[in-house]
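Asker: For reference, the structure I am asking about is given below.
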Amino acid sequence: MGSSTNFNPCYVNVLLPFFLVLAANATHKNFFLPRPRIGYYGSACWNVESIVRSVVESNYLANPANAPGILRMHFHDCFVQGCDASVLLAGPNSERTAIPNLSLRGFNVIEEAKTQLEIACPRTVSCADILALAARDFVSLAGGPWWPVPLGRLDGRVSLASNVILPGPTDSVAVQKLRFAEKNLNTQDLVVLAAGHTIGTAGCVVFRDRFFNYDNTGSPDPTIAPSFVPQIQAQCPLNGDPATRVVLDTGSGDQFDTSYLNNLRNGRGLLESDQVLWTNPETRPIVERLLGLRFPFLIFGLEFARSMTKMSQIEVKTGLDGEIRRVCSAVN
């Protein structure tokens, strides 16, 4: 009986780190509630969305290219280890150093929002949530839909370039479907999220061969509209700068709309991975349905918001799996 009251000091050494980590993460009363969810922060940071929105607005006015930059960053983050802001971590061999991420832009926008939130609500709002909110707000400012963003993600502690496996600009529909299915996203999500290319640009190095020497044939990709070939060849000549940027959605590169879908129908998709969404018999009906509706932009906006909400909850870190970073570019 006496043994039941014995105290083993070793237990302190085992349990103390656990409780320290728990205390470090449980910075407000909502820590143990389900996440992510709408209105997660409540009174712990009641103005989180207005603070992020203000930062986004000023940076959009300064440079509208921040809109596709942050949208792409959010996509790249969620497709590698989930939506945990691991793409924001700096350092050798981090996700930032992977080839697909070298052209990411907008890190300063997220850090600016984080700095302001640390003043208003110290150690409360995760960088992952800031990125999700900023992506939504930039899309809205570019003319796209607004949607409620579930919040409560934690920031990851691991960021490795070797983990970066993303859908590529020359991927077939089969490969793209595989990449999306791995994240519990379906073919509808694939088409709708790819249509985020309605804003933004791509470097000539990514697609130039398609317009000059497709698949080593010595000729352009035959699925490209003949009138579109010389237009892109002039912007990306063989001896030109491979870093030159060209709008993904010809004729409407800064406006979030359905022009991208129309371009696919007309053989004017810049990337092979985009154009195959029209030529493939499984994805083409989805594009046709979105274009054939009475109010195509309204329905596309609703579908985009739904797929973005779904994507933003991929492999979310909770509990002891993550933290609330003080600075988005470094773990605590």
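Yeah, the Cβs are placed from backbone N, Cα and C, and that goes for glycine too.
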Asker: Check for me: which candidate out of Cys45, Cys78, Cys83 does TrEMBL give as the disulfide partner of Cys121?
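Answerer: Among Cys45, Cys78, Cys83, the cysteine that TrEMBL links to Cys121 by a disulfide bond is Cys45.
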Asker: Taking Cys328 as one end of a disulfide recorded in TrEMBL, give the other end from among Cys83, Cys127, Cys204.
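Answerer: Partner cysteine, according to TrEMBL: Cys127.
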Asker: Return only the integer: C-alpha distance in Å from Asp257 (Ca(2+) 2 binding site) to Cys121 (disulfide bond).
Answerer: 35
Asker: State the Cα to Cα distance, in Å, between His197 (heme b binding site) and Asp249 (Ca(2+) 2 binding site), rounded to an integer.
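Answerer: On Cα coordinates alone, these residues lie 7 Å apart.
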Asker: Have a look around Cys78 (disulfide bond) and count the other CB atoms within 10 A of its CB, chains all included.
Answerer: 29
